[in-house]
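Take a look at the structure set out below.
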Amino acid sequence: MTAYLITGARIVGGDQADLLIDNGEIVAIGSGLDAPADAQTIDAHGLVALPGLVDLHTHLREPGREDAETVFTGTRAAAKGGFTAVFAMANTDPVADTAGVVEQVWRLGRDAGYADVYPIGAVTVGRKGTQLAELGAMADSAARVRVFSDDGDCVWDAALMRRALEYVKAFNGVIAQHAQEPRLTQGAQMNEGALSGVLGLTGWPSVAEEAIIARDILLNAHVGSKLHVCHLSTKGSVEIVRAAKRRGLEVTAEVTPHHLLLTEELAASYNPVYKVNPPLRTKEDVEAVREGLADGTIDIVATDHAPHPVEDKDCEWSAAAFGMTGLETALSVVQQAMIDTKLLTWADVADRMSYRPAAIGQAAEHGRPLEAGAPANVVLYDPRVERTVVPDESVSLSRNTPFDGMTLPGKVVATFLRGTPTVLDGELTR
Amino acid sequence: MSPAQRAEHPEISQPPKRSSREVLDASDISRALTRIAHEILERNRGADPVVLLGIPSRGVPLAQRVSARIQAVEGQSVPTGSLDVTMYRDDIGLKPPRGLEHTDIPADGIDGKVVVLVDDVLFSGRTIRAALDALGDIGRPRAVQLAVLVDRGHRELPIRADYVGKNLPTSLVERVTVHLTEFDGEDAVLIADKAPTGVKA
Amino acid sequence: MKHLLSAADLSRDEAQLILDTAEEMRSLADRPIKKLPALRGRTVVNLFFEDSTRTRISFEAAAKRLSADVINFSAKGSSLSKGESLKDTALTLQAMGADGVVCRHGSSGAPHLLAKSGWMTGSVVNAGDGTHEHPTQALLDAFTMRRHLGSLEGRRITIVGDVLHSRVARSNVLLLSTLGAEVTVVAPPTLVPVDMSRWPCATSYDFDAVLPKSDAVMMLRVQRERMNDAFFPSAREYTRRYGLDKNRMAQLPDEAIVLHPGPMNRGMEISAEVADSTRSVIVEQVTNGVAIRMAVLYLLLSGSNETEEQTA
């Protein structure tokens, strides 16, 4: 294995230091390091070194929709975005609701070698919300599933949700809820508010998210398990989670990059690239989720990378699929929304995008501070540059980025997965 | 004023302050219209068969003035109206869309009548060609005649006027401007060098 | 004007120009030869993804009277019903050389997408999209009201019914307020959007309070099936609270008129006596629809697409 000497990087945005990587580990951090003669030197002056990013919410689409994304292409996009681990959502076809499917996804990830893939298991059979899937079998499988979610659909039946939360206590699992009251969101197309009324698009009211989050927090308090809230998007949701944490209730929550930056006004274009679930909300909501992420109410950023083939977005709004890609732009969006606004430091970003998502997902290899002896999962990021997002430059199979044409700050220069570079000089290594 | 008139007679939309000279004053115009009224009566042996149709916008008040003179002479009113030709123009697909002017056909129609079209300036003849087409969709006159205040030449079609207030030989680089009190607060015909910005006349 | 997608696209001057042009078009309809040559050689496609015989016929008559070639492309029995995408349809129309596309679609924003996607270069007229807008309906309503009431400046116009799902209401509120009218929408609270702050109108839940202060009342069609989704308890209760019957009509000022975009649910939102009364201008709305659509097609399609407005 090639050894790498990274020189002059700002470690987690702090002081400059050199970083020696060998044998898959960080060997040393400091200055004047004693590098092996054949070590490759990377000049990282001006770059920020972060622990490899961990995405708790990725749609890799395989098996079933290999026209949108595969484990191979999705993890390449992850590496390009600085991620070394991704949690693959269960809404594949067939649904990841058995040990067989989760093991397949896990093996595809291992074979691809761009990022570690942690499959998420479905909570209910076929994600239909009526019968618990064999959660234990998935937990005991080679994929060692710990996160379970019906994402795309809400586990709306309160009794079933209670049982799911209780059941996963046996193997320290966590239920990641897609909070969406289904009756309040029938046919919903965009955030419900003044704009939806004008555009004639059926509204997706904030309360449909908030009601489920409040219910689930109380259910979880009752049974004492682990609840994670997926893609929280409203001011009210932030307030509910904040109040719960203040009372000492157990809950973790994520926000997507797009909900940190974009607002519902984009729907006025009727361009379905802006159609996503939960929908883009108001400016007030964006400010609230930023504050929530800053003060720790929201634990992590997760991309909800949701690739779709061109034909599923090149159509009228109501016929289009929900979702946006996000792996390759996540860090830049977080820089713009949180760093450049001084709401977070780079150390905070390491926490929100690496340590904590790894901890919630129980990915022991990942989310470790940059220190000697840790697995060499490292990102080098240049926050000083700007780039204009061009969908065709994406290494994802899909092109549905809402940041098309936007100028975003920063660029991932290198990503190391256990000491092996997956990205160097801003390009995939293979 | 409608865009239609602007496009056909760009010279009348912009009072030519620079180097314009008056070729007809109010009394010249008045005498010309009186003469035209008499000629129409002579030629048609009275007012009976005559219907006057002005082409908007300045043809309309001219038709009304001729009509008033005929009434004064004969003691009998002639049916007078207006005929918008916008939709019949041969350049309709070549220019930006234009608003329509009012078409007002007298109640008894034009079938079997002698229709006298009235316009301010006769130039290429294309407006009159459009008017003839428009008339054809309304009815079948016994005859169609043309009265204009000014004939400035440069015909592009085989069309001539039956009644002319003033023949005004012009160069293509000149602009002819008709002012009428109904629109402009004064009666005058002016001639000026064409604006250098290449407005089509 | 290149497209007509929303009543909000129209300035006051543009709206007046359409109404004035329609006035001329309407007077030309009495002539022996009804055809006008304005759109000779132009192709207008009626692209109807939803059935609407009345609207399609109205546009078809309008285009034909202007001498355009008309192609009807309806969902039933065509590739549209076999799942052909909007994009492929647009590419087909482009290949056929459509100068204007009149689009009716069940999805809000579909005409917007046709116009802005770059799939085709022709002008797009929104003939009703989802629960969004129906601008030519609003124009013909304004035209009808103007003929009866004169200028709409300061006129009080009341729109009653399923505002939430009504594209007619959206376009009318926008257009009528552009023309200076004071618009009030009246509906049960379940049938208005939850946030009306971006609508240039007032909202009331009390029909009887608004009636005596209305110069025109527009009744919207209310689908009985809405009661299955709990928008109101029963058709009977809806009619009692929001239907226009003879007694309510008597509360209107003497000169006030009654409109309905059709098709009517007689006995539901409007009683037969009101629909057939002398105040009702519902049949006239249909006549005016052709004149308005002639004006819109004429103003969108008669000129050159390439030439910009002259400054002269």
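Including glycine, each Cβ sits where the backbone N, Cα and C put it.
Curation plays no part in TrEMBL annotations; they are all automatic predictions.
These figures come from a predicted structure and were not determined experimentally.
Carbamoyl phosphate binds C:ARG54, C:THR55, C:HIS134, C:GLN137, C:GLY262, C:PRO263 as TrEMBL records it, and from the list C:ARG26, C:ARG104, C:ARG226 the residue named for this site is C:ARG104. The residues near the carbamoyl phosphate site, meaning same-chain residues not in C:ARG54, C:THR55, C:ARG104, C:HIS134, C:GLN137, C:GLY262, C:PRO263 whose C-beta sits within 8 angstroms of the mean position of the site's C-beta atoms, are C:SER52, C:SER58, C:ALA127, C:GLY128, C:VAL168, C:PRO261, in sequence order. Applying an under-8 Å Cβ distance to chain A, the binding-site residues C:ARG54, C:ARG167, C:ARG221 reduce to C:ARG167. For the recorded site, C:PRO263 (carbamoyl phosphate binding site), the DSSP three-state label reads coil. Summarising the carbamoyl phosphate site geometry, the residues cited as binding it (C:ARG54, C:THR55, C:ARG104, C:HIS134, C:GLN137, C:GLY262, C:PRO263) extend over a maximum Cα to Cα distance of 16 Å.
Confidence in the domain 'Aspartate/ornithine carbamoyltransferase carbamoyl-P binding' (C:2-146), given as mean pLDDT, stands at 92. Between the CA atoms of C:THR55 (carbamoyl phosphate binding site) and C:ARG167 (L-aspartate binding site) there is a gap of 14 Å, rounded to the nearest whole number.
Counted within 10 Å of its Cβ, the other Cβ atoms near C:HIS134 (carbamoyl phosphate binding site) come to 26, all protein chains included. For C:ARG221 (L-aspartate binding site), the same-chain residues lying six or more positions away in sequence with a CB closer than 8 A to its CB are C:GLY161, C:ASP162, C:SER166, C:HIS260, C:PRO261, C:GLY262, C:PRO263, C:MET264, C:ASN265, C:GLU269.
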